[in-house]
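Q: Can you keep this structure in mind? I'll have questions shortly.
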């Protein structure tokens, strides 16, 4: 069920009955606390909450605290870059942050590297320290977290420090993602990337410019892709359920990033100011 809740700060005496009815509905156990938008389908209205930033007051409220989630190959990186291009949000990627700290040899970067060198997952407390330390520098900004939180303990730790306003979940079928990733081949010397579906080389398995053979990264091999997707599902499903219970989960389903993006764009227009005054959904 999609619950559309409109919070009004002033209402006339004659509207009290309808407001009370809506409040009763909001407390109803049948409310899922989440919502799904399917790319290409009709949008059934936006969920708005008491921190709504629409209308004339857009941008006048507190900064937006947002998280974006999606499996490897879901288009999360592409959507994130489009969000930061169009909207006044700081994008914080846990992967980029981790690499930067390791390169600079910070205390937490060195600690994280010890786990990576041993082939171990970085513990939740280390990733949480890393993210929260960086977020201290962004207190006056709206931000979009990418890659964190990835586990339930991380989500709970983040919640103790910040109130998350919205979680954008990109729901792309795993079979589609598998086709995307396994179709990717690279020229190792130059880093040129080919995709046999929409950007194939002129000759199968050969780089267009050098004539040298292309390779497939281990991460893009079918058996590895399936393993990564299953691991993602097991790890993040509790996180999605956690945010759904809190009523901040926004799921966007589809098979193509270019069709999902307009719905994400429409949604964020009600939440955070755009960078330019001229609205445009063009990537």
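Our numbering is plain: 1 for the first residue shown, then up by one each step along the chain.
Using N, Cα and C of the backbone, Cβ positions are placed for all residues, glycine too.
A TrEMBL annotation is a machine prediction, not a hand-curated record.
The model shown is predicted, which means the values in this text are computed figures rather than measured ones.
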Q: Given 16-40, 41-65, which one carries TrEMBL's region 'Disordered' label?
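A: That would be 16-40, per the region 'Disordered' entry in TrEMBL.
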Q: Scan 93-122, 123-152 against TrEMBL and say which stretch is down as region 'NMPbind'.
A: 93-122
Q: Let me know the largest Cα to Cα distance in Å among the AMP-binding residues 94, 99, 120, 121, 122, 147, 148, 149, 150, 154, 217, 228, as an integer.
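A: So the binding residues stretch over 30 Å, Cα to Cα.
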Q: Looking at the binding-site residues 73, 75, 77, 184, 194, which has the shortest Cα distance to residue 148 (AMP binding site)?
A: 77
Q: Whole number in angstrom, please: the longest C-alpha to C-alpha distance across 73, 74, 75, 76, 77, 78, 184, 193, 194, 257 for GTP.
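A: Maximum Cα-Cα distance: 19 Å.
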Q: Kindly report the helix/strand/coil residue split of the region 'LID' (183-220) according to DSSP, in that order.
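A: DSSP classes over the region 'LID' (183-220) add up to 3 helix, 13 strand, 22 coil.
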